[in-house]
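As recorded in TrEMBL:
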BINDING   N85, G185, N186, A187, G188, N189, T314  pyridoxal 5'-phosphate binding site
DOMAIN    78-121  domain 'Rhodanese'
MOD_RES   K59  N6-(pyridoxal phosphate)lysine
Amino acid sequence: MYEGLLKQYKEYLPITDNTPMISLAEGNTPLIPLHSLSKELGINLYGKYEGLNPTGSFKDRGMVMAVAKAVEEGAKAIVCASTGNTSAAAAAYATRAGVKAYVVIPDGKIAMGKLAQAIIYGADIISIPGNFDEALKAVRDIAETEAVALVNSVNPYRLEGQKTAAFEVCEQLGQAPDVLAIPVGNAGNISAYWKGFKEWHDKKGTLLPRMHGFEAEGAAAIVKGEVIEQPETIATAIRIGNPASWTLAEAARDESKGHIDSVTDEEILNAYRKVAAQDGVFVEPGSAASLAGVIQHVKNGKIKPGETVVAVFTGNGLKDPDTAINATDVKISKMSDLEEMRLHLRNGVSEL
Ligand code: F0G
């Protein structure tokens, strides 16, 4: 039986005899071949579907490790700032480990599914008028003076847990892909993947990918080389103007001979709709930044024909139903008559 990341990758993680082996059976997510998009783009494209983690995002990988270490070190409470997914994961793993979770979120800028999760898992939810960057600054200050463990990705155990996704990609493909495409928000995940690819290569000779990270254009601090005071994007997960792991992300880009570029909200929404409608994979808007970037890089030659590309789909589309409904022309035909339905189907099918 698969028992989660701490057991699965024990010897690659900072686990001691005193680390509680908590688990919601996170990790072990599918690498889905995207047949339609591969054909259209002329590459071998896969989606690493992190939306199938227990709380619906990649955050579970880092959170299981960070919460286990916090408990090992005696914490009774954890705290994080979040655009939504981190708070859902923190709340779930805190419950699992028997500690309390405080989550600080930007008022009105968190997708409905994520808020619902924090509520139902029983977190203490604090909403602030500012954005994620301000929330992160606040919790960093608070964790200095209060008896709470900070579980944002500035906590190094988070990246340790998250690097396991790179291990899985190598195991699933047999080696690293040519390109790993990934959304960039606070920049922890791109840094974690790069660490994971390097460690797995050192042990197993699985080679190294080029890391292609993508920020939303209205929040593209690394691309522009400056802090964005008022970040804006439809992809609220990555609405971050001062990434905490900025330097690590640049190192991942440079060491791997990759790129960090930006994608517009229009490119994000286009990719978001395409992967659902063409390949049957529903991801959240922030996750679609990786695919939007792949499409852009195929066009401008930064990805070459025939290359193997893994796009990380960081979160599940169900997290943000409002965006799904607003991003498409919803066509629901109201019918109560069986004959009317029959005709509707008959006409439709005859056109196929
Ligand atoms: N994709 C999703 C769905 C996310 O929730 C996040 C970050 C990212 C990508 C970016 O990852 O920050 O490691 O570069 N969400 C954080 C949160 C900030 O609070 O849930 P990153």
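We number each residue from 1, going along the chain as drawn.
The backbone N, Cα and C atoms fix where each Cβ goes, and this holds for glycine too.
Bear in mind that the values here come from a model prediction, so they are computed numbers and not experimental data.
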Checking the spread of the pyridoxal 5'-phosphate site as listed (N85, G185, N186, A187, G188, N189, T314): what is the longest Cα-Cα distance, in whole Å? 14
By DSSP, how many residues in the domain 'Rhodanese' (78-121) are helix, how many strand, and how many coil? 23 helix, 11 strand, 10 coil
Using the recorded pyridoxal 5'-phosphate site (N85, G185, N186, A187, G188, N189, T314) as reference, state which further residues of the same chain have their Cβ within 8 Å of the centre of those residues' Cβ atoms, listed in sequence order. F58, S153, P183, V184, I190, A237, I238, I240
Cα separation, the residue listed as 'N6-(pyridoxal phosphate)lysine' to A187 (pyridoxal 5'-phosphate binding site) (Å, whole number): 13
Please work out the number of neighbouring Cβ atoms within 10 Å of the Cβ of A187 (pyridoxal 5'-phosphate binding site), leaving out its own Cβ. 27
Around the Cβ of G188 (pyridoxal 5'-phosphate binding site), the count of other Cβ atoms that are within 10 Å: 25
If you measure from the C-alpha of K59 (N6-(pyridoxal phosphate)lysine), which of the binding-site residues N85, G185, N186 fall inside 10 Å? N85
Counting other Cβ atoms within 10 Å of each Cβ, which of the binding-site residues N85, N186, T314 scores lowest? N186
Going along the chain, which residues six or more apart from G185 (pyridoxal 5'-phosphate binding site) have their CB under 8 A from its CB? T83, E215, A219, A237, I238, R239, I240, P243, G286
By a 10 Å Cβ neighbour count, the lowest-scoring of the recorded positions K59, N189 is N189
For the domain 'Rhodanese' (78-121), what is the mean per-residue pLDDT, to the nearest integer? 97
